[in-house]
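In Swiss-Prot this protein carries:
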- 1-341: region 'Disordered' (REGION)
- S18: phosphoserine (MOD_RES)
- 26-49: compositional bias 'Basic and acidic residues' (COMPBIAS)
- S59: phosphoserine (MOD_RES)
- 64-73: compositional bias 'Low complexity' (COMPBIAS)
- T66: phosphothreonine (MOD_RES)
- S81: phosphoserine (MOD_RES)
- S92: phosphoserine (MOD_RES)
- 105-114: compositional bias 'Polar residues' (COMPBIAS)
- S114: phosphoserine (MOD_RES)
- S124: phosphoserine (MOD_RES)
- 130-139: compositional bias 'Basic and acidic residues' (COMPBIAS)
- S142: phosphoserine (MOD_RES)
- S169: phosphoserine (MOD_RES)
- S170: phosphoserine (MOD_RES)
- S200: phosphoserine (MOD_RES)
- 219-235: compositional bias 'Basic residues' (COMPBIAS)
- 254-298: compositional bias 'Basic and acidic residues' (COMPBIAS)
- 261-304: coiled coil (COILED)
- 307-317: compositional bias 'Basic residues' (COMPBIAS)
- R323: citrulline (MOD_RES)
Amino acid sequence: MGTPLRRSRRLEGLNPLSLENLPDPEVSRAKRALVDFKSNPEETRELESPRVPPLDLVSPQPQPETSPESPCPKQDAGFGSPQRQPEPHPGSLQLHQDLGLDSPAGQTESNPESPQREQSSKLSPTQDSEVAHAKEEVIPRSPEPCPGQQAPGPEPSQPAQELAFQAPSSPERQLEPSKLPPAGESVTGSLDLKKRVIASPQAPASKKLKEELPVIPKGKPKSGRVWKDRSKKRFSQMVQDKPLRTSWQRKMKERQERKLAKDFARHLEEEKQRRRQEKKERRAENLRRRLENERKAEIVQVIRNPAKLKKAKKKQLRSIQKRDTLALLQKQPPQRPVAKV
């Protein structure tokens, strides 16, 4: 990997830091500082000289945005470390601070006016609190390198956008300090949660199997004859109890309904009788009118000679009727006396 474009004169003898040659987190800070001092004596001399301005020591790369879930990239980017460590550790946090000696900015703990102190003072109080909470978190230890290896120089750090992208998607994201469970309950809580997640899909499956089974009704005949069903009774065997007392309003309402029903039945009967009587009277009137019309239309001849009656045939005798001829005689005065029979 190539070195960055802007490098100071004191970083010429440093070797790049690789993931395989990570320093031992258990080595003390004083011992590691002594080894770095022996390897690069010119570096400390230049830091002690007042001619070197502190602004040139700042890393040219911007600080990436950090989230409360991943405080490790914030410290690495602020101190100019080359690459984000696998996971933060109380021992590894101390290691990150000590690695500032080998960073491209050439920072050491002996110089109080170094850019490391300036950057730490510029941090907001919220970031300081998040860093303090991150130190208190319980995290598995990082892999340790061989004790005989020396802490080499760092590699060029990754871009700020890549660090910010990897921070929220870390698989082993830790909980916030306010939500941390007790030490004894952390493992049991996760196991109970897994059991619930595994047991939940099995419960609905068993219920579905029970619901799918056909329910056989007891006592129901196969032919479907309802009157043979034990649970049902015949209409004649059903007993419908009347209420013990009925309200006065209900009594009056029922009485009014009965009265209206009787009046309507009587009205229908009277209407039927009236129609029958009218029909009978009309028939009698028609008969009387017919007879009157026949008499008006017939031709009457008064037979005064009895000899004609003796000579008349049976057919003629049928049409002869004995009537009162006084009215006719009065209308038509007789011309001769009527023959006495």
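All residue numbers here begin at 1 and follow the chain in the order shown.
From the backbone N, Cα and C atoms, a Cβ is placed for every residue, glycine too.
Across the compositional bias 'Basic and acidic residues' (254-298), the DSSP tally of helix, strand and coil residues reads 44 helix, 0 strand, 1 coil. Cβ neighbours of R323 (citrulline) (same chain, under 8 Å, six or more residues apart in sequence): V300. Look at the compositional bias 'Basic residues' (307-317): DSSP puts its residues at 9 helix, 0 strand, 2 coil.
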